[in-house]
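S.K.: Attaching a single structure in structure tokens format; questions to follow.
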Amino acid sequence: MKRKLRWFDLVSLGIGGMLGVGVFVTTGPVARDISGPAVFISYVVAGFSALLSSLCYTEFSVNVPVAGGAFSYLRVTFGEFIGYFGGVNILLEYVLSNAAIARSFTEYMCTAIGVSDPNAWRIKVNGLTKGYNELDFPAVALVLILTLCLCHSTKESSMLNLVMTVFHVIFFGFVIIAGFCHGNGVKALVEPGGLTPYGVRGVVNGAAVVYFSYIGYDTVSTLAEEIQNPSFSLPVGIIGSVSIVSVLYCLMSLVLCVMVPYDEISKSASYAVAFRRIRWGWAGNVVGAGASLGIVASLLVAMLGQARYLCMIGRARLVPSWLAKVHPSTGTPLNATLFLGICTAAIALFTDLEIVMELISLGTLCVFYLVANALLYRKYTLTGQNAPFHTLSFLALLSSFSLAFSLWWKLNKPWWGLTLFIAITIAVTAFFQYHMWSTANKNLLPPCPSKWSVPFMPWPAAASVFLNVFLTTTLKTLSFQRFAIWTCLVTVFYVLYGVHRTYEAEEMDKVEVVETHVTSTRVQPLKLDKVQMAIP
């Protein structure tokens, strides 16, 4: 692919990919039913976990600067199946979240033109199950239009996103200032049920649900093959966008609860309805228009990233290879973009946000968990040349104690158990760090060559593993059931198709290498003979 993107393109793509998702799609439902006014604390927890995961992504993206994001990182570290599993899961999250975002666009567009009912543009079909019975044709049209834009050019799509993101941030400033000035202040936060009406568990459960709001930064790493000076641009783009968005998320979620009591927040078009409740009808229309623009920016970036994932999986022959073809003139993965655009449009037509929201977070947490483990294994075993047993044992213990802490929390056991599991996890991590340090000094190993590395390792990656496991266990059982069905389907596809196709590709590569070698050894003497005959 063509290298056209620079650091400011990545920052705008990261911000644009995350802003519209978290604020306009998840904040209202989570504040009303899960976290209450403390939803801003949920964003703090989720943002801290996302920042740790982004550090892991950054080191991988700098040292493995190819398209494919988590799929490529997991594949070069843990092998083909783990890479495939991570890749198809992040693809699922992209498609489902993009469909949900597109449906939110319809709700906010209704409010932008003054329609009181956010579902007015949807067609209700009585014969279908609830949650699937409202057809959303504007969402389908939006997805298809953006698909055609992405097929044309990556750079032009990036410039379009940059313009929309600038206006989006200005719009955020307007909402924050207007909301704090005309809201009810602290009174709205503590009434009627206090800051945490659902308790601390509600805050943590909310953090797990809003976590998928940060999936947008993953798109930046998938564009590594199209970036100028990736060793500088990628760290700035990934870490910078996550930090900025985390602050904006916290302020926006706080201002929503300042304007309206949490139990009166609308699940659909939450911000536009909130401004109408404080008798700022014109501001509600402005918010509807601004939110629509932000959702378009988020959707554009997410669809940009999902096509790169599928393109790389196609290059590995784990899905039909025609999905990996890059158009010669535009330099974009045309087939992958069209295929995923059609899939997203089909789901956006009838699937409600509440059905897929927790499933999206579950898949995202799973992939980020795998990436943190992969970074630890790569740094201390593949690059550091240590015995695999030590690193794998540490990863197993870390995951086990994280899971034990999470289950203890979920089952509401006494607090001393939580303290015990945290202390053991810290002790295991400290022992592993000391062991790796002493082994490196004993063997006089040189420092690991790296253009950019996560500071204070292994603590950030270990903390990322812990938080991802913890947030995962707070999700509902139904999400795990749906995730298990998806896992079975993709595993069967891998066994019946992916394994055989990659084996055939390896055999063909071997034959080509042998033929090239034989041809070169035969042709070379003939060239020498002709030269010798030409000498008088």
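Cβ atoms are placed via backbone N, Cα and C, with glycine included.
Unlike curated entries, TrEMBL annotations are predicted automatically.
Here TrEMBL flags 452-501 as domain 'Cationic amino acid transporter C-terminal'. Look at TrEMBL and you will find 7-26, 38-60, 72-92, 135-152, 159-178, 238-262, 282-311, 332-350, 389-409, 415-432, 452-471, 483-500 (among others) tagged as transmembrane segment.
I would like each feature placed in context: is it buried or exposed, what are its neighbours, and how far apart are things?
M.R.: In the domain 'Cationic amino acid transporter C-terminal' (452-501), helix, strand and coil residues by DSSP number 40 helix, 0 strand, 10 coil.
If you look at the transmembrane segment (282-311), the same-chain residues 6 or more away from its ends with a CB under 8 A from one of its CBs are 13-14, 16-21, 23-25, 67-69, 71, 87, 90-91, 94-95, 97-98, 101-102, 104-105, 108-114, 142-143, 146-147, 149-150, 154, 157, 160-161, 164-165, 167-168, 171, 174-175, 178, 215-216, 218-220, 222-223, 225, 269, 271-276, 319, 323-324, 326, 332-333, 336-337, 339-341, 344.
Long-range contacts of the transmembrane segment (389-409) within the same chain, counting only residues at least 6 positions beyond its ends with a Cβ under 8 Å from a Cβ of the stretch, are 201, 204, 373, 376-377, 380-381, 417-418, 421-422, 424-425, 428-429, 432, 435-436, 439, 462, 465-466, 469-470, 472-474.
Long-range contacts of the transmembrane segment (452-471) within the same chain, counting only residues at least 6 positions beyond its ends with a Cβ under 8 Å from a Cβ of the stretch, are 45-46, 48-49, 52-53, 55-56, 58-59, 62-63, 204, 207-208, 211, 231, 234-235, 361, 365-366, 368-369, 372-373, 375-376, 379-380, 395, 398-399, 402-403, 405-406, 409, 425, 429, 432-433, 436.
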S.K.: Of the listed stretches (7-26, 38-60, 332-350), which one yields the highest count of Cβ-Cβ distances below 8 Å with the transmembrane segment (135-152)?
M.R.: 332-350
S.K.: Report the mean pLDDT of the predicted model across the domain 'Cationic amino acid transporter C-terminal' (452-501), rounded to a whole number.
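M.R.: So the average pLDDT across the domain 'Cationic amino acid transporter C-terminal' (452-501) works out to 87.
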S.K.: Could you check whether the transmembrane segment (159-178) and the transmembrane segment (7-26) come into contact, where contact means at least 3 Cβ pairs under 8 Å with the two residues of each pair 6 or more apart in sequence?
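M.R.: Yes; at least 3 Cβ pairs under 8 Å.
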S.K.: Among 38-60, 72-92, 238-262, 332-350, 415-432, which stretch has the highest count of C-beta pairs below 8 Å with the transmembrane segment (7-26)?
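M.R.: The stretch with the most contacts is 238-262.
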S.K.: Restricting to CB pairs under 8 Å, which listed stretch, 38-60, 72-92, 332-350, 483-500, is in contact most with the transmembrane segment (238-262)?
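M.R.: That would be 38-60.
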